[in-house]
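So that you can see what the record holds, here are the features copied from Swiss-Prot:
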BINDING   43, 44, 108, 139  [4Fe-4S] cluster binding site
């Protein structure tokens with residue numbers, strides 16, 4: 001029996017009969033056989049690859065990596081996500097069957113990391129594209145931290161009511177019972193916050209009279225506008 005506690009699995013009789021509910025039985029079977037889709041784009045994924053070895057042995061958690069999103073119920077994003085990759089990531093997530101879960105691994109996936117400071121093509125957080133269940137910070141996180149994130153996800157699944165999760169996601173795709181995200185606009189695919197980015201004006205957009213009028217001070221915003 002799994003070590004994760006269930007509210008109704010500890011009710012046993014003298015005949016060693018376990019009384020439970022279909023929901024708890026479904027949660028127990030799902031948390032013991034997570035099939036992840038590995039979406040690694042950067043160095044954080046190397047730390048997850050070390051779990052495959054005999055030292056950490058992630059097979060004991062029932063993890064079976066899959067190459068198809070239609071056979072996976074967990075997607076693990078590790079590394080930087082760019083705007084050009086955003087449509088592919090959203091499509092992979094939408095092709096996964098319900099119930100499905102997301103683990104964001106590393107600073108670059110959670111906030112954009114160091115590439116988000118001066119990059120125009122980096123998505124500032126994968127949770128702007130798909131709902132995230134477990135955040136795993138670090139640059140990069142250690143394999144022990146990945147195991148801890150998997151344990152937290154398993155505990156979340158054990159206390160989950162499938163009907164509530166399905167009902168909430170049908171109403172709003174980026175809304176879960178764990179973190180209440182309210183979408184203000186549609187999914188960002190390639191044009192994420194383009195209106196907030198500064199683009200230096202070209203000399204062709206500035207008239208010659210304004211450009212060569214150096215004697216009178218002209219504010220920079222007038223040159224742009």
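From the backbone N, Cα and C atoms, a Cβ is placed for every residue, glycine too.
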Might you list, by sequence position, any residue in that chain lying six or more from residue 139 ([4Fe-4S] cluster binding site) with a Cβ less than 8 Å away from its Cβ? 44, 106, 107, 108, 113
Near residue 43 ([4Fe-4S] cluster binding site), which residues of its chain come within a Cβ-Cβ distance under 8 Å, counting only those 6 or more away in sequence? 79, 140
Near-site residues: [4Fe-4S] cluster, ref 43, 44, 108, 139, CB cutoff 8 A to centroid: 42, 78, 79, 80, 106, 107, 109, 113, 138, 140
Determine the Cβ neighbour count for residue 44 ([4Fe-4S] cluster binding site): the number of other Cβ atoms within 10 Å of its Cβ. 26
Other C-beta atoms within 10 angstroms of the C-beta of residue 108 ([4Fe-4S] cluster binding site) total 27
Any idea what DSSP makes of residue 139 ([4Fe-4S] cluster binding site), helix, strand or coil? coil
